[in-house]
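A.B. asks: Reproduced below are the annotations present in TrEMBL:
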| type | residues | note |
| --- | --- | --- |
| BINDING | Glu65, Asp83, Ile85, Asp86, Asp208 | Mg(2+) binding site |
Amino acid sequence: MDVYEFAKSLIRDAGDFIETRRLEGFEVMRKTGPHDLVTPVDKETEEFIYKRIKAQFPEHNIVGEETYGKDVKTLKGFTWIVDPIDGTVNFINQNDNFAISVGIYKDEEPYCGFVYDVANKVLYHSKVGEGAYRNSEKIKEVDYQPLDDTIVGVSHKWLLKDDVRQFFIELVDKARSVRNRGSAALDFTSVADGKYGAVVFYELFPWDYAGGRILTNELGLKCVTLTGEDVPELEASSVVCGHEKLVDEILEIFDHESFKEVHDKFFIK
Ligand code: IPD
Ligand code: CA
Ligand code: CA
């Protein structure tokens, strides 16, 4: 069976599963603190996706946020990187603005990417070399907009970090405006939709960006760390993604020795 077609149908079914479970009610648990929440629906959805993949493709590897694949260290064969619910706080508080994010790698190369806006039933998907789609509609190339004419999606974690705050303040000051949807995966779709020129995240995990990165890459967009390096596939990283010219403008803001030092201390293991 074709992996891309299988994934599209599985992700839509997983969205229906989340919707059914949401209506049944669920508990809310803290992971590391009051901002880091998880529900049984996050875990059950990962389980739902894992079992369906393994039933069809037993040899595929799965790296999920909640349970599976902590031992996966390479992308040999097929590897699925899955966030069963990206935007859990929105899922709990808003019943909207959350997504299923899936990136599939084949022999260490990106193969296809998906972000499913569950509440609105919009599946963003792409297979490398075959274009990017919003449901069945082909997504157009994204035009360059200079920083002072565009909206940038920015997650708020930088506010809590003294060493990097000044650089983000400069970004907020230079951009037309900034937004935070509360789901990194959906932030990537806002770039694909041309609503944001770029997204900038200080700290993301592979399951937060795998789907969005493969999707936006298909639109010719650039995705690198805030120090201009390649984003790793299986490690936490900073991420900036958008039109190449705009990403370069943003990278200039962060191009300081003091930022590089704190960034490297934080991310280089
Ligand atoms: C979070 C969301 C959020 C981002 C956080 C992520 P989760 O994922 O993507 O937008 O700012 O860094 O952890 O926990 O809802 O899957
Ligand atoms: Ca996430
Ligand atoms: Ca999640």
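Placed from the backbone N, Cα and C atoms, the Cβ positions cover glycine too.
Curation plays no part in TrEMBL annotations; they are all automatic predictions.
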A.B. asks: Helix, strand or coil by DSSP: which one applies to Glu65 (Mg(2+) binding site)?
C.D. replies: coil
A.B. asks: Within 10 Å of each Cβ, count the other Cβ atoms, then let me know which of the binding-site residues Asp83, Asp208 comes out lowest.
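C.D. replies: Looking at the binding-site residues Asp83, Asp208, the Cβ with the fewest others within 10 Å is that of Asp208.
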A.B. asks: Please determine which of the binding-site residues listed here (Glu65, Asp86) has the lowest count of neighbouring CB atoms within 10 Å.
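C.D. replies: Looking at the binding-site residues Glu65, Asp86, the Cβ with the fewest others within 10 Å is that of Glu65.
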A.B. asks: 10 Å Cβ neighbour count around Ile85 (Mg(2+) binding site)?
C.D. replies: 27
A.B. asks: Which of the binding-site residues Asp83, Ile85, Asp208 have a Cβ less than 6 Å from any atom of ligand 3?
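C.D. replies: If the test is a Cβ under 6 Å from any atom of ligand 3, the answer is Asp83, Ile85.
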A.B. asks: Per DSSP, Ile85 (Mg(2+) binding site) is which: helix, strand or coil?
C.D. replies: strand
